[in-house]
Amino acid sequence: MEGQSGSRSTCSRPRGTEPDGRKKKKIPDRVTLKKEIGLLSACTIIIGNIIGSGIFISPKGVLEHSGSVGLALVVWVLGGCIAALGSLCYAELGVTIPKSGGDYSYVTEIFGGLMGFLLLWSAVLIMYPTTLAVIALTFSSYVLQPVFPDCLPPYMATRMLSATCLLLLTWVNCSSVRMATRIQDVFTVGKLLALGLIILVGLVQIVGGNYEALAPPGAFSWDRAPSVGQIALAFLQASFAFSGWNFLNYVTEEVVDPRRNLPRAIYISIPLVTFVYTLTNIAYFSSMSPEELLSSNAVAVTFGEKLLGAFSVVMPISVALSTFGGINGYLFTASRLCFSGAREGHLPSLLAMIHCQSCTPIPALLVCCAATIVILCIGETHNLINYVSFINYLSYGVTIAGLLFYRWKRPGLYRPIKVTLLVPVCYLMFWALLLGFSLYSEPVVCGVGLVIMLTGVPVYFLGVHWKKRPKCIYNFIERATSVGQSLCFVVFPQLDPVEVSGPPEWTDRASGRSSLSAHP
């Protein structure tokens, strides 16, 4: 797990022709991550990772805990507002610390290597592979549903189709960043069109007078008033539906003009998703009673069967397409987390290398794919996702608390975006409230999540902090890295001098001291 040396900026490249006389594919003069994510692709990465299968399958969790239709809609709107507050903080961090890796890179920069490694450890070991496995299984279940209409699809069939989907998208991401982002663009548009169909049908129902559940007298009626704990659990359900709002920060170095496009993408995507989620729930309630919604395991499918008639097959297909795009987005961002961790010396250096021709992090993508297939074989995906959801939510709060600490630690640092102090404070207050109720209601789940995270402490000291290891270990790592380079045709990326230099300094003429300004 050694870091990288200064020699990585140069790499030897094979020249000449193949044995059969064919010319080799042209290798770029600079081997570096390509900036191919424009504003549209940046928006689709955020929207595509937020909108997964949840809004199609189980929005009933919010209704179940809130107790009424009106309060459920309020929770959805406020859930989007909370995600917006968090994304504003991440926008400041993303342009202040312009590194790929998201939470991990920011926590490592602010709090040091151990804290960053613990986030990286839990994410790479369980969090991302488990999430990818769950999304892939959802995809295969809905693809196979028409083949097995009267029963659940066979266990092995769902696993095999999930693994095939993962391998296909891993190949796409290894081949080209542009191809991967185009797939993300297309499938995100498909998700929005499917939700647009639900919203349109719902509006037709409302215009036709079918809005009893939405009328003010009945919207806020409940058999029993929800407790504060139940409302907190409803917010947790909504927060889970909005998870993924920070994923663009994992690929900052591949965004074209990140200081402009990263915040713009956030400002466009989060309000759009909140608007679509709210209208989708209104559409559900326009045609389904609260009792029908609570009894459904796949709300969108039930909605389609009730209103779309022969076209109801559109809903399972929409869920499958949505999850397919979600797998692509998670693979794309998770591999960049591995890449960032290896570049900091927290993972094997092979994972910090990119392909000489396509400039994609092939070793990191292969590791993400392999870890997900292992989780698929284990089978206990839903138990694991409960454990790591707590860690995921914990990382949000630690990162945003780091923003406040970083302002105190580096007050003169150049910040192209600087949100008002009220934004991170409000988010942290809400975060602490939900975290407290999570610990109170699910102490075992939260405790296991913390234990999983803390198992990274001895790994950090043995694998990263311990420098005087036996020479045989270094020889083994060097040999394994060399073999991996030969198999994957990868090298360390060249760093742009602008990327490694510090932020611009300016001189305060009044005081005669040198400082760092938030505005040049």
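Start at 1 and count along the chain as shown; that gives each residue its number.
Yeah, the Cβs are placed from backbone N, Cα and C, and that goes for glycine too.
Whatever TrEMBL says is automated annotation, not expert-curated.
Remember, it's a predicted structure, so these values are computed and weren't measured experimentally.
Among the features that TrEMBL reports, compositional bias 'Polar residues' is placed at 1-12.
Look at TrEMBL and you will find 1-27 tagged as region 'Disordered'.
Sequence annotations record features per position, and here TrEMBL assigns transmembrane segment to 37-57 (among others). For the transmembrane segment (37-57), the residues of the chain that approach it from at least six positions outside its boundaries are 135, 138, 177, 181, 184-185, 187-189, 191-192, 194-195, 240-245, 247-248, 251, 254-256, 261-262, 264-266, 268-270, 272-273, 276-277, 280, 297-301, 315, 318-319, 322-323, 325-326, 328-330, 332-333, judged by C-beta separation under 8 angstroms.
Taken from TrEMBL, the feature transmembrane segment applies to 69-90 (among others).
For 111-144 (among others), the entry in TrEMBL reads transmembrane segment.
Through the fold, the transmembrane segment (156-174) approaches residues 132-133, 136-137, 139-141, 143-144, 180, 183, 324, 327-328, 331-332, 335, 355, 358, 360, 362, 365-366, 368-369, 372-373, 376-377 of its own chain, all at least 6 residues removed from its boundaries and within a Cβ separation under 8 Å. If you look up TrEMBL, you'll see 156-174 (among others) marked as transmembrane segment.
Per TrEMBL, transmembrane segment is recorded for 186-208 (among others).
Among the features that TrEMBL reports, transmembrane segment is placed at 228-252 (among others). When Cβ-Cβ distances below 8 Å are used as the criterion, the transmembrane segment (228-252) is approached by residues 37, 42, 45-46, 49-50, 52, 54-55, 59, 61-62, 64-67, 71-72, 75-76, 78-80, 82-83, 86-87, 90, 93-94, 98-103, 106, 258, 262, 265-266, 269-270, 273, 277, 329, 332-334, 336-337, 340, 389, 392-393, 396, 433-434, 437-438, 440-441 of the same chain, each at least six residues removed from its ends.
Residues of the same chain lying 6 or more positions beyond the ends of the transmembrane segment (264-287) and with a Cβ under 8 Å from any Cβ of it are 39, 42-43, 45-47, 50-51, 55, 59, 69, 72-73, 76-77, 79-81, 83-84, 87-88, 90-91, 192, 195, 198-199, 201-203, 205-206, 210-211, 213-214, 241-242, 245, 248, 293, 299, 303, 306-307. Marked as transmembrane segment by TrEMBL: 264-287 (among others).
Counting residues 6+ beyond its ends, the transmembrane segment (307-331) has Cβ neighbours under 8 Å at 45, 48-49, 51-53, 56-57, 128, 131-132, 135-136, 138-139, 142-143, 145-146, 165-166, 169-170, 172-173, 180, 183-184, 186-188, 190-191, 194, 197, 201, 205, 244, 247, 287, 298, 300-301, 365, 368-369 in the same chain. The transmembrane segment annotation in TrEMBL covers 307-331 (among others).
As annotated by TrEMBL, transmembrane segment applies to 352-378 (among others).
Here the transmembrane segment (384-407) has long-range neighbours at 86, 89-90, 92-93, 96, 103, 106-107, 109-111, 115, 119, 122-123, 126-127, 130-131, 134, 236, 239-240, 243, 246, 375, 413, 421, 424-425, 427-428, 431-432, 434-435, 438, 442, 445-446, 448-450, 452-453, meaning same-chain residues at least 6 beyond its ends whose C-beta is under 8 angstroms from one of its own. Annotated transmembrane segment per TrEMBL: 384-407 (among others), in sequence order.
Per TrEMBL, the feature transmembrane segment maps to 419-441 (among others).
The feature transmembrane segment is assigned by TrEMBL to 447-466 (among others).
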